[in-house]
Amino acid sequence: MLMRHGLLLLVEISFATAFRPSLLARGNASVAEVLPPPAPPVAPPCVVCIKSASHSTPFQSATVIQTPRKLQPTLENLRRMLELGAFTLACFCVLQWRGSATTTSQPIQSPHLDLDASLTVCGVGRYQLTIVLAIMLAWMADGAENVLLHNMSPHLVDALDTDEISLADLRIFCHIAMACSAFLSGSCADSFGRRPVFCISCLLAATFSLLSIFAPVFWIFCLCRVLTGVGLGALVGTDVALLCEFLPVSKREWVVPFLYVGYVVGRLYADFCTAKVYLLLGNWRAPFLLCSVPLVLSCLLRFGLHETPQALLARGLVGHAKFVLTAVAQTNASARSTSCVITGGRPVKQHQGLDFRNCLNAGFLAAVRQNHLERVLAVSILAVAVALGRLLDSVTPELEAHFNLHGNSFSSPVWFAVLTCLWCALSIGMMQTGFLAWDIFIGGCLISQGVLLAFSYLWQIASPGWKSFNLLLAAWAIAEGMTSTPFYAICVRMFPENARATSMGLVDAFFRSVVALQPFLAADLLSNLGTALTAAVLGACWLLAAALALLLRRLWEAPPQPEEVEVSKA
């Protein structure tokens, strides 16, 4: 109960900051006393937003793009609507919190096998830690990919004899390749096994990431980076599915979300390579080489792992599944007996992946319900709303212009990454104390909405202080930590066992598609609406995500019925 009130207090603090813009100006109060009298008013400077032909990214002058006067009433009305909606939603969440919702539903196993009991006997130890380390190293490279290309763009223009428009197009193509690969690789992993896709995708990314370092011309560099994106896009769905199938059900919802820490560390690692290593060595190939090292290490770990027992049993390989479970138990140094790892007779062969064979006979809606696609599509819509809300990451140049920051500063990324990792760990700890992932995710969405409302006020203050900026940066780190890790726990809980990789790949494809469009959307919103109204619109996306998550929680928080979890037989 105390942690619930603490979560509500965080939401109320963010709302109070958004409701009272005078609080944001206090960070500059001490400076205002010693400043000389203001200069006489002059004509407002010309505000420019230069967009390339591909709408790659906004480039601004020394001033910030202000909201047009004709849109000021719209901005105020949107703020009032978001404040009222967020307060109403927060009150509804507190009133509807129930202790019975903390119970977790156990999936119904086939009468011929009990994989969850077998994995519990094997224990959680060194083998699972090896999988987590291999996945986090690869996710480090995934998080570093976009940051590395963005930060190194000015240096690649001269080194590869190209222009910023072409480099912006390269980033977009890389994200599109990741989205396509995420969708296709998930289906392949469900149909042909986890380990082949688990190993080949990382090997593909590592190979072409290293080859891009020796690219003599720009088009070869583009080809290598796009193929690297193909490998990186195939990681998320397969990695989550493989790790889940080596963990007992009771451990999945708090081990899998911890993988996001690798993505945050990867972004910080890329910032370090571009801000420090490049300045020290003066060679553009050095940051790309260092960011390829995690992929190489991940490959070495991945090829030493086994196929999952669930995938082996689905193909009828009972003896091989027993061997894998015994190897896991021995690696974990489990002193308990492993004689009960497989119980009963030979298991019935199950269909892996989404089954549309009866679609024509039973109808489309029946096929959707049979494959639990309504849950997958609902979570995909939720992922799109979250990705749209994170457009704030694409308007970072506007923040740098407004606060007179330097683009090569390394202290802000470190501060943000440390806070994000801390709140990721705290959100996982909250899930262990009885909180539902849904509740933590809704709280993070409300905090994100409050932060963006505060940014909409902050952009209208002539000279905001550093205290205000640090406060909002810390709040945004809280929001990212409290929305990212619970989101993966929601995916683990919602997706069907027989198509987890396909479902996770579909959601990741939706998310990466929006990320690929972020430069387009950010440039258009800033040029048409200005920074203040843009921040309010992004806050509306987070409020929509919170409302949708609350609706999905009420629909699927109850334990599933036996007929809902029964998988189709061969």
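In case you wondered, yes, glycine gets a Cβ from its N, Cα and C as well.
Heads up, TrEMBL stuff is auto-annotated, nobody curated it.
Fair warning: this is a prediction, and the values are worked out from it, not measured in the lab.
TrEMBL has this to say about the protein:
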type: DOMAIN; residues: 131-557; note: domain 'Major facilitator superfamily (MFS) profile'
type: SIGNAL; residues: 1-18; note: signal peptide
type: TRANSMEM; residues: 197-221; note: transmembrane segment
type: TRANSMEM; residues: 227-247; note: transmembrane segment
type: TRANSMEM; residues: 254-272; note: transmembrane segment
type: TRANSMEM; residues: 284-305; note: transmembrane segment
type: TRANSMEM; residues: 412-429; note: transmembrane segment
type: TRANSMEM; residues: 436-459; note: transmembrane segment
type: TRANSMEM; residues: 471-492; note: transmembrane segment
type: TRANSMEM; residues: 529-552; note: transmembrane segment
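If one looks beyond the transmembrane segment (227-247) by at least 6 residues along the same chain, the residues whose Cβ comes under 8 Å of a Cβ in the stretch are 115, 119, 124, 127-128, 131-132, 135, 138-139, 141-142, 145, 173-175, 177-182, 184-186, 189-190, 194-195, 197-198, 201-209, 212, 255-256, 259, 305, 308-311, 328, 488, 491-492, 500-506, 508-509, 512.
Between the transmembrane segment (254-272) and the stretches 197-221, 284-305, 412-429, 471-492, 529-552, Cβ pairs under 8 Å are most numerous for 412-429. With a threshold of 8 Å between CB atoms, the same-chain residues lying at least 6 positions outside the transmembrane segment (412-429) that come near it are 254, 257-258, 260-261, 264-265, 267-268, 271, 405, 440, 444, 470, 473-474, 476-478, 480-482, 484-486. Each residue in the domain 'Major facilitator superfamily (MFS) profile' (131-557) has a pLDDT score, and their mean in this model is 80.
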